[in-house]
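Features reported for this protein in Swiss-Prot:
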type     : residues                                                       : note
ACT_SITE : Asp314                                                         : active site, proton donor
BINDING  : Asn177, Glu243                                                 : Mn(2+) binding site
BINDING  : Ile180, Tyr181, Arg182, Arg194, Trp195, Leu196, Arg199, Gly200 : prenylated FMN binding site
Amino acid sequence: MKYRDLRDFLAQLERQGELKRITAPVSTRLEMTEIADRVLRAGGPALLFENARHNDAPADMPVLANLFGTPRRVAWGMGADDVGALRETGELLASLREPEAPKGLRDALAKVSMLKAALWDMSPKTVRSAACQEIVWEGADVDLGRLPIQTCWPGDVAPLLAWGLVITRGPNARRQNLGIYRQQPLGPNKLIMRWLSHRGGALDFRDHAQAHPGKSFPIAVALGADPATILDAVTPVPDTLSEYQFAGLLRGSRTEVVKALGSDLSVPASAEIVLEGHLLPADDPRAVAAAVPEGANPPPATGYEMALEGPYGDHTGYYNEQDWFPVFTVDRITMRRNPIYHSTYTGKPPDEPAVLGVALNEVFVPLLRRQLPEIVDFYLPPEGCSYRLAVVSIRKQYAGHAKRVMFGLWSVLRQFMYTKFIVVVDEDIDPRDWTEVVWAMTTRMDPVRDTVLVENTPIDYLDFASPVSGLGGKMGLDATNKWPGETSREWGTPIHMDEAVKRRVDAMWDTLGL
């Protein structure tokens, strides 16, 4: 699907019957979550709440939910016709990450054409004026309370800004970083920026704090960017390519950006809303001293304004622990005329992150095959919180091969550093079919011999099951047929019906009255 911006994408969804306008008044507090969750679980359309109620009053703008509520809409957002076509997106990413030597003149010309399109033809286009800056709130006019930010779950500490595209740039970075990080409002102009230490935004901030200690760090947050740009932020785009460039490749047109009004950051020109501001040094007059609740650990000594974030209901299906994160002070809010507020919720799968995982699974397969050619297929079950459990089928070639694949998966892409469980099966097993996977595990595994346990590895900070926050164990399960050297016993022979018998029964089937 080709489109210009979010509004064009929504118009096309509506023509396809994939967008439902809701005119009844619906509250941003809990009601939207319940409605969106029921619709997502039924495989229903994206939702545009045209009469949202916020803080017991009519909201200033409509709220968009469930935009990526089905794998097909994710594929459309990435410029593909269907989920299967995302394998081609993965092939493109694999080629851009690690180009192979051309196999001949024709192949060389094709690779030159691809690189030209990626690195030159689709470089972002900077414009002087943009729709995202048609309206500007500054100074005392900045009020996050006027945005219809959802309160998703009864135990949430506050509303939650969940689809903000966070734009940063470190002092040594060749390009900007785009990331999706949740943000907790603290007041009319402050948000807690919850990013994990290994994420691009956090790394940019760390480098800035080391290079320019005591200096404020500029940030922009885009809400309602075009789908390709949003999805790029959760896709393993090569470090040599900007997310804006890759979004252009997916969309089929250059991404238009505009310089932020208060910094040198480039923001999506068609975004519905943009928040501009800084992370402030702790001694800045605008910074607020951290309030430490009784019994809580004090904030880390970063030299910057910090606050205790959470708890919030998360994609794990549980409320997460509180932790300290930097505070984003919003200097101005720019927006389009009649803006749309893009929102979501996270909860026990399936939710939008789980649906994204199903679609992005197809992108990952070619990337993994480039590093591990023996991989036949790869599956991240959505019930596993999108990334915590993986099942991979391989063409086994030697004893111990499954263990090599386990450690390869944990190392190849940053997306899998938090995968706790990896199940490796042979190519005759469909990793997407639990009946086959369980059969392989129960017939081809010895629990002692074929289980790999690794201690003290990086783990998602939201994983309260780990003994230490951010550090825990991993398990690999080798459910492949065992080769000489892995067993001293004669291995079982699978049962298969004779093909000639199957053909004879096929021929007589219609006469059997079954």
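Cβ atoms are placed via backbone N, Cα and C, with glycine included.
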Prenylated FMN site, defined by Ile180, Tyr181, Arg182, Arg194, Trp195, Leu196, Arg199, Gly200: further same-chain residues with Cβ within 8 Å of the Cβ centre: Val166, Gly179, Met193, Gly201, Ala202
Maximal Cα-Cα distance (Å) across residues annotated as binding prenylated FMN, namely Ile180, Tyr181, Arg182, Arg194, Trp195, Leu196, Arg199, Gly200: 14
Residue pair Trp195 (prenylated FMN binding site), Asp314 (active site, proton donor) - Cα distance, angstrom, rounded: 14
Lowest local Cβ density among Arg182, Arg199, which the record lists as binding-site residues, within 10 Å: Arg199
Distance from Glu243 (Mn(2+) binding site) back to Asp314 (active site, proton donor), taken between C-alpha atoms, in Å: 26
Separation of alpha carbons, Arg194 (prenylated FMN binding site) and Glu243 (Mn(2+) binding site) (Å): 21
Cβ-Cβ distance under 8 Å to Tyr181 (prenylated FMN binding site), same chain, at least six residues away: Gly164, Val166, Met193, Arg194, Trp195, Arg199, Gly201
Tyr181 (prenylated FMN binding site): secondary structure state under DSSP, collapsed to three categories: coil
